[in-house]
């Protein structure tokens, strides 16, 4: 299952915890509208926020104080830019559910999951975006304008091809490779736009109002993800539209993916042109630069990661989320496979929003002390056990289906399961964020936190991809109705069908994977968990980076 509305951790792409990619449940900021952890989860969102709230330096006094009302237009522009950023993220999150409804393999789903990696990796090219620009045009507009033009043009072009790529025009199987390349580019461009907008926020707003930048980011990207994921899946579904929005049933939804792409591509082109022509950049930054250029930034990152305490943290956090990977990455897709309408799963994101707002506020009371990782350690076994509960939920799903639908009590159980899961996900997420803020060297806080959060995000991305990849190899199918045949390869499946048989699943790899992941997770908790907790006992000198200026 996957969270809905992404949380931003260093890689900003989906909210912590998910059922699947769109119902995203990955362990990072989760994108709205799904059950994916993915995505807690943008390069440096938390780092940027820390910089916004930290010491601003002498540059603060170069700007006259301005009221909120005086800068309302700039705040609304930032909000809108973040909404635009959420659109391609939401669309990318909806594709796995669409593919699952077309019965693609989990190997294909694993390949498509690479689409969600750019936000976790944007630290690799963020220094380039910060350092290379056309001065007369503007430091941030030099990247924002061309990036959004490319996004808009690409969306319009893709609107003419997407039906063919999904196999809608000729009843072929979806072209997963082409879809992955297209949406990987979407995510890469959205991540680049995020870097530019984050940087522009620091100069666009005065010192008094710069704190609104993180609010614009959170609200805007969440709204954009909701539009591109939850709203799109609902309006694209003929069943949903016929049941709730129409008087006369029709064979398709109110909008198609092609229509949606064309509309938002046009919006990107028009609004980007207006920004390029009408919005000027301020030249003075509200915050002090931590580094002096590309080379300096990469040297600093390398120096940080070489520190023994940081290296230990990275190795442990990269393996900590293996135990959750089957539940986070596969569960939502399995529910769709068992017949649960994808738009219904997406809409479960809506009642989760208040919970996802309240949880961090409550949990932060327990992570504000000197040992925030204690909360991570205590929440981990509950999240692992909920992974088994998810497997039971998938097993139970076909048993309660009635006349092609599911009773209301089924959705209540799913919603309660998801809510409990979110409590554990956010407990671990807020704990990690608090620890990263606690140990980050204040002299280089933004860069330091961005690095730690990026590694935390990668720790959720790679296990999810591997979990999807292993579902098919771990699944055992038998050929029923034809003697001396098996279903181990695609050719064997075809031969079984030609001989009058059919391939029946004898053992679903998802259940095997769920059990294996829980064993691995508890192994990590017993043997490596105490070592992970001990990191918070390290002295502050263990986390301070020595660098030559």
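Placed from the backbone N, Cα and C atoms, the Cβ positions cover glycine too.
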From the candidates 22, 218, 483, the one which Swiss-Prot records as phosphoserine:
22
Kindly tell me whether the record in Swiss-Prot places residue 295 on the same side of the membrane as residue 530.
no
Reduced DSSP assignment, residue 103 (N-linked glycosylation site):
coil
Best-contacting stretch, by C-beta pairs under 8 Å, relative to the transmembrane segment (218-238) and drawn from 75-95, 257-277, 300-320, 344-364, 509-529:
75-95
Interface-richest range of 75-95, 114-134, 142-162, 344-364, 509-529 toward the transmembrane segment (379-398), CB pairs under 8 Å:
509-529
What stretch, picked from 75-95, 176-196, 257-277, 344-364, has the most CB pairs under 8 A with the transmembrane segment (114-134)?
176-196
Which of 75-95, 142-162, 176-196, 344-364, 509-529 shares the most C-beta pairs under 8 angstroms with the transmembrane segment (257-277)?
142-162
Run through the topological domain 'Extracellular' (321-343) and tell me, per DSSP, how many residues are helix, strand and coil.
18 helix, 0 strand, 5 coil
